[in-house]
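Q: Below are the structure tokens for one structure; questions will follow.
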Amino acid sequence: MSGIDAKKIRTRHIHEAKANGTKISVLTSYDAMTAAIFDEAGIDMLLVGDSAANVVLGRETTLSITLDEMIVLAKAVTIAAKRALVIVDLPFGTYEVSEQQAVESAVRVMRETGAAAVKIEGGVEMASTIRRIVDAGIPVCGHIGFTPQSEHALGGPVVQGRGSGADKLLADAHAVQAAGAFAVVLEMVPAEIATEVTNQLDIATIGIGAGNGTDGQVLVWQDAFGFNRGRKPRFVREYATLGDQLLEAARAYADEVGSGAFPGEVESY
């Protein structure tokens with residue numbers, strides 16, 4: 001098993017991984033069963049992402065998921081994850097109004113879920129908010145590049161940091177670090193720029209569609225393991241085809257129930 005060598009991963013282990021060049025594995029998780037499996041597999045961090053709005057609740061965007069919904073999901077993950085560090089997204093509308101709102105939302109997540117950190121989107125414009133949360137004793141993971149909560153303002157899911165956008169991305173990265181974040185997600189960023197950001201920062205960078213030069217990688221598990229049978233982003237590599245397997249299994253079950261083959265003597269009392 002590769003990755004961080006620790007019985008219980010904490011933010012200090014993420015800093016150590018950055019310093020010694022150990023790659024950091026991250027997957028999303030939204031329930032106890034997948035959290036237990038990913039934890040046993042040695043995944044270093046589990047992200048209870050607002051992507052649950054899409055892959056769990058079936059909504060078109062992440063914007064409608066609430067803090068209450070995120071907390072329910074995060075509770076399940078933290079119950080099952082014994083080793084992995086659990087991060088919870090602060091959803092849209094729970095931290096942008098004021099720094100006080102952000103702190104209150106983060107405090108609620110930590111108190112009610114048992115998570116180790118929260119994640120918020122934004123760079124320079126969110127630096128003071130990150131600082132306030134960190135000053136409240138709560139670890140923060142930043143998120144820059146393409147930020148899904150701002151997809152309408154950004155014109156949809158498009159690569160960030162090209163051309164003159166590289167300077168903004170670097171400024172965002174340094175602002176997030178200076179604000180006290182322990183790590184930062186780089187989403188849909190040219191590999192060369194993501195590598196440059198990684199080389200300049202002292203905190204860990206976690207890439208998603210950002211090439212191989214970041215300190216770690218994160219994917220939505222339904223994409224990575226083929227549970228989502230629809231169109232996937234270019235940056236996804238499928239490690240399994242669980243959606244097709246589940247479809248065939250469900251068909252087999254329906255057929256056996258219909259034919260009377262299930263339950264049989266073995267499954268009966």
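Each Cβ is built from the backbone N, Cα and C atoms, and glycine gets one as well.
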Q: Asp5, Asp31, Asp89, Asp167: which one does Swiss-Prot list with Asp50, Ser51, Lys119 for the 3-methyl-2-oxobutanoate site?
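A: So, going by the record in Swiss-Prot, that would be Asp89.
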Q: Let's check the environment of Lys119 (3-methyl-2-oxobutanoate binding site): how many other CB atoms sit within 10 Å of its CB?
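A: Taking every protein chain into account, the count is 23.
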Q: Report the same-chain neighbours of Glu121 (Mg(2+) binding site): residues 6+ apart in sequence with Cβ closer than 8 Å to its Cβ, ordered by sequence.
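A: Glu121 (Mg(2+) binding site) has long-range Cβ partners Gly142, His143, Ile144, Thr147, Pro148, Gln149, Ser150.
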Q: Could you measure between Asp50 (3-methyl-2-oxobutanoate binding site) and Glu187 (active site, proton acceptor) for me? Cα positions, answer in whole angstrom.
A: 14
Q: Around the 3-methyl-2-oxobutanoate site recorded as Asp50, Ser51, Asp89, Lys119, what other same-chain residues have a C-beta within 8 angstroms of the site's C-beta center?
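A: Here the nearby residues are Leu47, Val48, Gly49, Ala52, Thr62, Met70, Val88, Leu90, Pro91, Pro148.
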